[in-house]
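Here is the structure we will look at.
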Amino acid sequence: MAQVIVVTSGKGGVGKTTSSAAFATGLAQSGKKTVVIDFDVGLRNLDLIMGVERRVVFDIVNVISGEARLSQALIRDKRVDTLSILPASQTRDKDALTKEGVATVIEELSKDFDYILCDSPAGIEKGALLALYFADQAIVVTNPEVSSVRDSDRILGVLQSKSKRAEEKKDPVKEHLLVTRYDPNRVEKGEMLKLDDIQDILRIPLLGVIPESESVLKASNTGNPVILDEPSPAGQAYKDAVARFLGEDRKMRFTDYEKKGFFSRLFGGRAA
Amino acid sequence: MNWLHFFRNKQEEAPATAPQAKERLQIVLAHERISRKGEDFLPKLQREIVELVARHVSIDPERVNVSLERGGDLSTLAIAVELPGPEPARRVS
Ligand SMILES: Nc1ncnc2c1ncn2[C@@H]1O[C@H](COP(=O)(O)OP(=O)(O)OP(=O)(O)O)[C@@H](O)[C@H]1O
Ligand SMILES: [Mg+2]
């Protein structure tokens, strides 16, 4: 039976799609059959971040409306062969998704995949609710910033009351905190919320901390999930998070401010 | 390795990726702007092709594979229809 994981946040623009792409790729790299679904109907972007935008033929709405079969809409990744992508529709709106339709898609995917990742749209409206409804686990993406932390708290409430697991009074959705765009330098200066503070407020287990990193933009420019940029701090941080998700014990990295020595400033001068 | 090379090294390590971003966007948006106007023609096209082929040979709709590669000047749409093979030859016992 596949595990359904939603990547959610409430707030927009915090790194859900970046994290979904990285996580799906990381899980697939570890040999797990993984599919990542874009739930942002009308504002599809996962295809670009995954670099498959030129290969999209059908999307989840076509599948739900019976215009295409699931196998025809799935795009096989060319880099990691255990990875597939199910794109969102760009031309329809969120009403084109129905709970029954999504249920059928997820049920069918469960037969072939170990992990089904759902990249949620922002907000707490229909699209976001559908993305989290079937979840067994949730990765709550949070930036070290007041409004993001508050919205994460809100989405945790939604997970605990409006998910299928909640409605059916089953074991609750397993929650993971993923702090992204963390800048130890600004934390040190007191300009940014500390990791401890965020954990104190949200009180869910920490899965990882992804540093603010130039490599994320480079990755989206070229359509390669940042986890494939192995030397980059963000790539390594995502690799750690995936390993922790799979049960490995790994120390948090990239959380402390390191004063740059003369030589690293001269030669390793890239911020990330 | 000369001095100039030494200092240029950083740049060579990280080629600019923005041009790639621009090119990818131009291609994908060109296609999206076209499809925004009309109805999504691909599902219909596929259905009609399957119907047409099915009129002549019996096919399994599951075995129809549509793939697309969007390019700047040229896109290729490949529709692979798996046709039933000849009856397996009977072994003479
Ligand atoms: N670790 C990081 N370092 C630097 N930039 C980042 C990082 N993570 C994400 N970003 C940038 O933040 C922006 C938003 O990221 P992304 O699209 O993944 O967010 P999202 O939560 O999916 O947004 P939306 O709510 O619109 O779906 C992008 O420009 C991305 O490049
Ligand atoms: Mg997104």
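Cβ atoms here come from the backbone N, Cα and C positions, even for glycine.
Annotated domain 'CobQ/CobB/MinD/ParA nucleotide binding' per TrEMBL: A:5-226, in sequence order. Residues or ranges marked as ATP binding site by TrEMBL: A:Lys11, A:Gly12, A:Gly13, A:Val14, A:Gly15, A:Lys16, A:Thr17, A:Thr18.
Locations of recorded TrEMBL features on the structure.
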residue : record           : contacts (Cβ under 8 Å, 6+ apart)
A:Lys11 : ATP binding site : A:Ala122, A:Asn143, A:Ser147, A:Ser148, A:Asp151, A:Ser152
A:Gly12 : ATP binding site : A:Ala122, A:Gly123
A:Gly13 : ATP binding site : A:Ala122
A:Val14 : ATP binding site : A:Val141, A:Thr142, A:Asn143, A:Ser148, A:Thr180, A:Arg181
A:Gly15 : ATP binding site : A:Ser9, A:Val141, A:Asn143, A:Thr180, A:Arg181, A:Ile210, A:Val216
A:Lys16 : ATP binding site : A:Val7, A:Thr8, A:Ser9, A:Asp119, A:Ser120, A:Ala122, A:Val141
A:Thr17 : ATP binding site : A:Asp38, A:Asp40, A:Asn45, A:Leu46, A:Ile49, A:Asp119
A:Thr18 : ATP binding site : A:Ile49, A:Thr180, A:Val216, A:Ala219, A:Ser220, A:Val226
Relative to ligand 2, which of the binding-site residues A:Gly12, A:Gly13, A:Val14, A:Thr18 have a Cβ found under 6 Å from one of its atoms?
none
Could you check which of the binding-site residues A:Lys11, A:Gly12, A:Gly13, A:Gly15, A:Thr17 have their CB within less than 6 A of ligand 1?
A:Gly12, A:Gly13, A:Gly15, A:Thr17
List, in sequence order, the residues of the same chain other than A:Lys11, A:Gly12, A:Gly13, A:Val14, A:Gly15, A:Lys16, A:Thr17, A:Thr18 whose Cβ lies within 8 Å of the centroid of the Cβ atoms of the recorded ATP site.
A:Ser9, A:Ser19, A:Ala122, A:Val141, A:Thr180
Look up A:Thr18 (ATP binding site) in the DSSP assignment and reduce it to helix, strand or coil.
helix
Over the domain 'CobQ/CobB/MinD/ParA nucleotide binding' (A:5-226), what is the model's mean pLDDT?
96
